[in-house]
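Peer 1: Next up is a structure, given as structure tokens.
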Amino acid sequence: MPTTCGFPNCKFRSRYRGLEDNRHFYRIPKRPLILRQRWLTAIGRTEETVVSQLRICSAHFEGGEKKEGDIPVPDPTVDKQIKIELPPKESKNSDRRRKQNIPARFPRPESPSGDSPSYSKKSRSFRDFYPSLSSTPSFDPAQSPHTPHPPVLPDPQQALNDILSMTSTRMNGPSSSRPLVALLDGRDCSVEMPILKDVATVAFCDAQSTQEIHEKVLNEAVAALMYHSIKLEKEDLEKFKVLKVVFRIGYGIDNIDVKAATELGIAVCHAPGDYVEDVADSTLSLILDLFRRTYWHAKSYSETRKTIGADQVRENAVGSKKVRGSVLGILGCGRVGTAVGLRARAFGLHIIFYDPFVREGHDKALGFERVYTMDEFMSRSDCISLHCNLGDETRGIINADSLRQCKSGVYIVNTSHAGLINENDLAAALKNGHVKGAALDVHDSVRFDPNCLNPLVGCPNIINTPHSAWMTEASCKDLRINAAKEIRKAINGRCPQDLTHCINKEAVMRNSNPINRRTSSAHPLLNMGFPTLPNFPPMSMSPHFPYPNPLLAMGAQMGALNPFMGNGALPFNPAAALSSLAAAQAANAQRGSPANRSSRSSPSPHTNKSSVSPGNNGHVKTEPSSPAAKIEVDIAENDKHSMMTFLQRLIAPNGDSGASTADSGIEGGDKEKVQSDGDENMEDMEVIDAEKLKEELNIGQLEEPEEISVGLNNGNRINIDEQPLAT
């Protein structure tokens, strides 16, 4: 990957565009501290804004080589080389001993004659290094600092809270490292670093294509920030292994394949509205440049060394027009188009616009004139400014046919989207003089790419700006702050649910797994990743968690929750959840029968023994004698009737299965929810035969299904343990 110099206003890049240079790069020194601080001051960075990848090229040192104590300067041929005196070097061990006041291990004896004591090294014996046994103090275990402390058992409630507090939407990536956020086509991370440094590692790539991006970024980056100078097509997005969100900083998203990103589950973010005023100001500036030919006058004056006479000024002014009374046509009267029209009215321009999506009365409120056909719009405009969205209907809307309908000598201004103009047709119209001038801030072709034949290269009367209409120092900083905050939301929260500026949020949620897009309130342990145990988070997220396997923290009661943990759709359907719970309790009942009790296998050494005592409401209550977490499942008040109705139909004599009658036991909004989600959840539901279930539970023919107790504790909770439900 090419290396870029981090010195301000130095644009040198190694192997840039295939060119080679004999410059080399130096890292920012870490020690001594005074030298590091002087380096950071020279390049305008601080400890918070500096990144580890930053390098300084050798052109900022006298003679092209860095010497000891040198500070980089902008230009050594003009600026005097700065050099400081460094403090004496200290080894790591001596520095550590000095800070901790630890004496040297082998102090060197001073010679009586003052000579070097090197002669005494050969005469030293074993006793010189170790004190005599008589002077060695007796060993007292009570005072020994190495006495092992008694083991402290972890608080079971704290252990359970550690599991439940782990984020359910930690983005995919290596569990042993922090998330990686990459700035693809830039190198200044001074604004983003303070916002993201505590949750992610920020790296800059300064790449013009994905071929220049380091493999580590492609494999580990979960979020990306980008400007306009790099394009992400489908094949580019597929190179990123774990990318979840891309934020486009600036105006427009033409350089991102949003459709491909949606198919890959990548959220595309863009913050509109922060640059409306800036784009409108730049657009009006380009319009005035075309009318008054200011750009060509300035260019002629800067390129000519002799005095410019009246004849040359008159020659440069060919094609200029009076601003007042001219007609400005705005194609797309949205926020930017409206802002441009209001500014242009102050200069005496008559404003017309064509936008079939604007409500009636919008023109009267603004003082504009509305036209209802594209032909009338093109034929009446002296200058056309494009401010519409890019889509299938608007792509190439300025082409050879539409340009033929324009007045001769019309001006074209585009600060919106590059695909709105057919550049080949515009180049032909500029060369034959039908279009007197054009100002383009966005380009469909790469202007300086030698492998791309740009039709606009060499065209007369054209102003090209590098997608800078939105750029001001204040607006750029605001956009970067919003982008960093959005990336922080994606890392700490739910992606894309919590994103404010995601333009494909609904599509990503609709195309993704239905379980993943509804993790907000269904189940606290849903959608957590664990390398060996499904639906559990990595243990590195909770360093003080004492168990290598989270199941051990919950004891044997965790076995009763397995139906919920193994099937992510169960928390969304009370009927399916209760069916699986009944099946699990049936297995426990069969193991607890007198016939099988004598042949039960010995319990696992990790299983917590518990004493059983009857509960208050007909269910069995367990009181653990060893530290173990008590697992309780909350039952919402409005779901009680649904579960009881399902149990009644499950044990009914007609033998209907629970799956076929689940919808009839749910009322109101819950029934509609099941119907809308039926295609998603019915695949995961297990159809239970009622007769077979009654045989396994040893339940005879019941006239009143209410005799089966489901262990409702005060109408709010169900305590789940190893014992079968009371019948």
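From the backbone N, Cα and C atoms, a Cβ is placed for every residue, glycine too.
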Peer 1: Under Swiss-Prot, which of the candidate ranges 5-60, 117-172, 621-676 is annotated zinc finger?
Peer 2: 5-60
Peer 1: Just give the helix, strand and coil counts over the zinc finger (5-60), going by DSSP.
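Peer 2: For that range the per-state counts are 16 helix, 8 strand, 32 coil.
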Peer 1: How does the model score the zinc finger (5-60) in terms of mean pLDDT?
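Peer 2: Looking only at the zinc finger (5-60), pLDDT averages out to 77.
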Peer 1: Within a 10 Å radius around the Cβ, which one of these binding-site residues has the most neighbouring Cβ atoms: ASN389, THR415?
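Peer 2: Output for this query is THR415.
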